[in-house]
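Scroll down for the structure; my scribbles are underneath it.
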Amino acid sequence: MAKKNSTETPTLPARGSLPELKLGKKAPKNVDVLVIGLFSGEDSAELPVTPLLAEDALRSVYDSLTAVGAKGALGELTRVPAPTDSGASSVLAVGLGDPEELDDELLRRAAGSAARALRPGTSAAVSLSALGLAPVVEGLILGGYSYRGLRSEESGSKPVKITVLGDTKKDKTEFVAAQVTAESVAFARDLVNTPSSHLYPESYAAVLAAEAEVAGLEVEILDDKQLTKQGYGGILAVGNGSARGPRLVRLTWSPKKPVTSVALVGKGITFDTGGISIKPAARMENMISDMGGSAAMVAAVIAAARLNLPVSVTATLPLAENMPSGTATRPGDVITHYGGITSEVLNTDAEGRLVLADAIARASEDKPDYLIETATLTGAQMVALGTRTAGVMGSDDFRDRVAETGRLVGENAWAMPLLEEQEDELKSPVADIRNVHNSRNGGMLFAGLYLSRFVGEGIEWAHIDVAGPSFNDGGPFGYTPKRATGVPVRTVIQLLRDLSEAS
């Protein structure tokens, strides 16, 4: 990973490493590892035919696998020596479970597990792609992602090189689209994994501007003075407690003949102490991930440009650092959001909705057909749905479509209601609304209801709360690493692709 001497340069101080993939009709000569699939049968494992091995070699590998107890169970990894005439050193068999139950997500996870098992500098050929090219490509890249951060010693490791078997002409478009999607997720992971000492509103905005320029996007950045002049009271209320002032970044992809328009909004709190309503110290270091929503939307709009989608896309990204100080917003203060709605701030740790409200109001001025917003917004999301399932609120039909798309691409999501009975809980005696209610119940839904007040009339809207799914506190699994996951990048990219085809 490249490292920079200055935190002021518009590049990340470290990037995650990815395997190098290419599409090929056959395995290269002298490849290190042959990666094949192994199903679980009724009585014993089943080894499907693969172009990587001749019939006799396949039989020999099967005997070796069963001799060491391989069953083909989902997620099982078994390595055996390769036949002498195969040109490889070893065969890695990936358990695929019951062939009747295999779907794209299970295949993606299997490919991710295989990628994590490949040592740096290894060359491999993969035949799993015969079962589904795109999920295998995504799984290999996402599972092979490795982030070393700012460690002083050089890794000295070479990337894993993987040949994915497929038709180099027929499968090229699908292969490239899957690569773009997975690389976009990796970029979002890099942003989230970067320490707040190196990624704060000003430096973050500079990185985004540099990346957007490469992708051919239009860039607009408002600093704290411009935010004050234009009335972005929510962003300022959160960001004014820090010595590192807030920013609003807008990135726009403008194709020649757009078939529809989509606004993307993502929460960009580069570090969240809770402000005056300060958080407990335990695990506060994970609050570097509180800008995961903005990272996902940056990745998605750049992907739209790389895929040349015929959809106008503008990402509006409020960036701030939530710190306690003499200039920080106090509980009980009243702020004026962009557009004029006033809000009583009862808890400064419910800051995400404050910056998002301004951004949603600004994005709505463009009158998009759709508005998709995502944030690591509430701990209540994890209470309700756990750490791997996002909560989706918004316009009923579009909300359901977003949740279904998430499940389809392997980023589990569940549609949640906006409750009419919570409307009274929004009321404040001193402002139009207040930022928290007096109950522990329905906190995720209340936050969604707050944001709904800022969505323009006639806009199909969805809010994706990824407080749990965006950051993995546990060990790696499937294609998901420890720390930043990149959720919900793939959901948003798939939505943009679907909207470009359906309109």
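Glycine too: its Cβ is placed from the backbone N, Cα and C atoms.
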For the Mn(2+) 1 site, TrEMBL lists D349, E351; sort out which one of D272, D400, D424 goes with them.
D272
Say TrEMBL lists K267, D272, E351 as binding Mn(2+) 2: which of D224, D290, D333, D369 is in the same site, per that record?
D290
Quick one: of K279, D349, R353, which recorded positions lie within 10 angstroms of K267 (Mn(2+) 2 binding site), measuring between C-alpha atoms? Sequence order, please.
R353
Non-site residues, in chain order, whose CB comes within 8 A of the mean position of the CB atoms of D272, D349, E351 at Mn(2+) 1:
V238, I269, T273, G274, G275, S277, K279, D290, N322, T348, A350, G352
Just to be sure I understand the packing, how many Cβ atoms besides its own are within 10 Å of the Cβ of D349 (Mn(2+) 1 binding site)?
18
DSSP-derived structure type at D272 (Mn(2+) 2 binding site), helix or strand or else coil:
strand
Which residues, in sequence order, are found in the same chain with Cβ within 8 Å of the centroid defined by the Cβ atoms of K267, D272, D290, E351 at the Mn(2+) 2 site, excluding those residues themselves?
V238, G268, I269, M287, M291, A320, N322, G352, V355, A375, T376
By DSSP, what is the split of the domain 'Cytosol aminopeptidase' (347-354) into helix, strand and coil residues?
3 helix, 0 strand, 5 coil
